[in-house]
Structure formats: C-alpha cells, structure tokens
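Copied over from TrEMBL, here are the features:
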- 9-28: transmembrane segment (TRANSMEM)
- 57-78: transmembrane segment (TRANSMEM)
- 90-108: transmembrane segment (TRANSMEM)
- 133-336: domain 'Histidine kinase' (DOMAIN)
- 325-365: region 'Disordered' (REGION)
- 356-365: compositional bias 'Basic and acidic residues' (COMPBIAS)
Amino acid sequence: MRTQSTDRLLAGVWINFAAFNVALMWLLPGQETVPFHLVWISLSLVYGFTNWSLSWMVLALVGVTTSTGAILVHHAAVGEIRWEETTEEPLMAVIFIVMAWHVHRRHLLLREMRRIGDAERDRAHRQELLVRVASHELRTPLTIARGYTELLRSTHDDESTTEDTAVVLDELDKATRIAHRLVTLMQLEQPHQVRPVDLDAELARIARRWAPAAERSWSARSSVGLTRVDPERLEAALDCLIENAVKFTGPGDRIALVGCRDAAGWTVEVVDSGAGIPPESVPNLLTGGPGHGTPTGTGLGLAIVRAVAGSLGGRVTVGATPGGGARVGLRVPEPTPVGGSAPPRPEPVRAQPFDDPLRLPDPAH
C-alpha cells in the first residue's frame, strides 16, 4: 500500500516532467505531438499509481487541458498547425476521464477487498478465541462435576447412591459429548489442513480404534487409496457416523467402514446391520435435523458430517443394506486421484485383526 509521502513524490516528479514537455510544446511549434502525448500519458500513469482525491484529479485535468490546449490553439492561430489538430485536446480529456473513472472503481474495489480481508481476519481471530474459551468453559465444569460424582460414588456404597450417581454420570457423558461436538463444529469454521492421506489405512485404523469401545463385529474395506483431505476433520465426521451406528445396533451386530473410488470421486460409508433408517428420517439426515430414530438427539453429529462433506465439496449419502441396515457416508468429487491416474481397483482388503468383514455391495453413488 502506497503512503501519502510516496504519492506526493510521484506527483512532484510528474509536475516537473509535465512542465518540461509543455515548455517543449511552446518552443517547438509544429513538432508538439510527442511532448503533447507525453504529458497526457504521464498524467494517466501517475494517476493510476497514486490515490489522488477527486479535487486533485480535477485540478490536474484542468491544468493539463488549459496549458496544452492554449498552446495548440495559439499554434493553430499563427498557422503552425491545422485547426483540426486542436480536436485532440478534448479527445484526450475525455479518454483521461474514462480512464480515471475505471481507476476510481479499482480503488473502491481494492478498498472493499481490504475491508473484507480485515473483517475476515477479525472474524477468524474471534472464532479462534471463541473455540479456546468454549473448549475450556464447557469442558472444565463437566470434568469437575464428574470428579465429584465419582468421589461421592466411591465414598457411599449404598444401592441408592450408586444408582443415582450412575444416572448423573450418564448425563455428564451426554453433556461432554455435546460439548465436544459444539467445539468441533466451531473448529470447522477455521481453515483446514489438507494433505495426502491413505484413506484405506485410515479407515482400518479408525475401525481398530472403535473395536474395544463397543461389542460389535467390526471390519473395514476400501479401495480409495490416496486422497487430499483434512484427516482430523474426516475422522470427526466418521466418528459421528460410527457413534450413530453403535447407538442403533446391539452386541453381535456388524459395523463396517467401506470406501470405494470411481471416475468421478470417492465415497466412504459407515454400514451397519441394525434396524435401518426410517424413510421419514432421511430428509433430516440430508438437510438438517435430529438423527434417525432419536427423539432426544441434538443433531450436532450429523451437522458435523454435513459440514465436513461441504468443506470437501461433497454431500452426505444415505441408503440401506440388502438386510435392512443403514449406510450413511460422504460422497466427495475428485476426478483425478492424488498421484495421477486412477490405479486398478484392488480387491476389498480386511482390516486386521478382524476376521468377519461385513460383506455388502460397494457404496452407492
């Protein structure tokens, strides 16, 4: 951004240059074409590189028009040039006015862009501060409440206290999950860190991580390969889908993380052998609303999934398995895989240490 001192320096240089060429026009009758045009060209250049006010621009225009116009009229009057040549003066003035209008629009656009940039930086700073404060203010009281509840439970072993504290701890778990998802949603507003990720290995790792948390038959199979994503955000979205799958399945049911790629992009889905999704709940999953079949659901998990899918330029997919289970995932457009042309599609791979992968068709597109 140029400073006022720089603008004054450029204006001073131009005034001297213009005065020199005006003098040449006076001293070289009949040969004033070159200095005449140099005056106008230099005026256009200096105006484009500076940020003159309207009054300064009008003053410069009047000064150039008056000085060069008077010389042309004088030379025409004494017969040094034809009168038709004096028409260049108003033409050059009109051309400069049109140019000045466009430059003024450019300055307004740059000013607006700076304003938007400053506002966006300020918004990002406030968002980051809000995330930090919310993370602390939401989680700290819950942690303290859990500590006191567990202390109360350990010091009173009567049945009534045990039952009451179990209810409190269960509600604290729910509140903690909600707080975590609120913070995650706020973090999604911040710039994400995209990098190449082996999605096949990532799905297998997530399935292994969830295996001890729920007594289900877990598996993962994928042929997506490398893709560019923010792995933390993708994992947050898949965790929300997996948590829903766990909620609506029971011990012994199957949950699979399934991924595939085609010419237009890739799909990852969480597939389960539970009761499936009621048809009336599908619009809520796709556009917003509580999760399927949960009257007390906040919908934050699905909001996270939709936000992550949107940040990747994709969408949420919802379907059913042949056995009536649910399959919910993300469809992301990516015509060219990371690393070049699409590799040959491999056979589905089993995520160790799982021995019973959920054998379902490839994800619907």
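Cβ atoms here come from the backbone N, Cα and C positions, even for glycine.
Proximity of distant same-chain residues to the transmembrane segment (90-108), defined by a Cβ-Cβ separation under 8 Å and at least 6 residues beyond the stretch ends, is recorded for 37, 40, 43-44, 47-48, 51, 57, 61, 65. Long-range contacts of the transmembrane segment (9-28) within the same chain: residues 35-36, 38-39, 42-43, 45-46, 49-50, 52, 56, 64, 67-68, 71-72, each at least 6 residues beyond the stretch ends and with a Cβ under 8 Å from a Cβ of the stretch.
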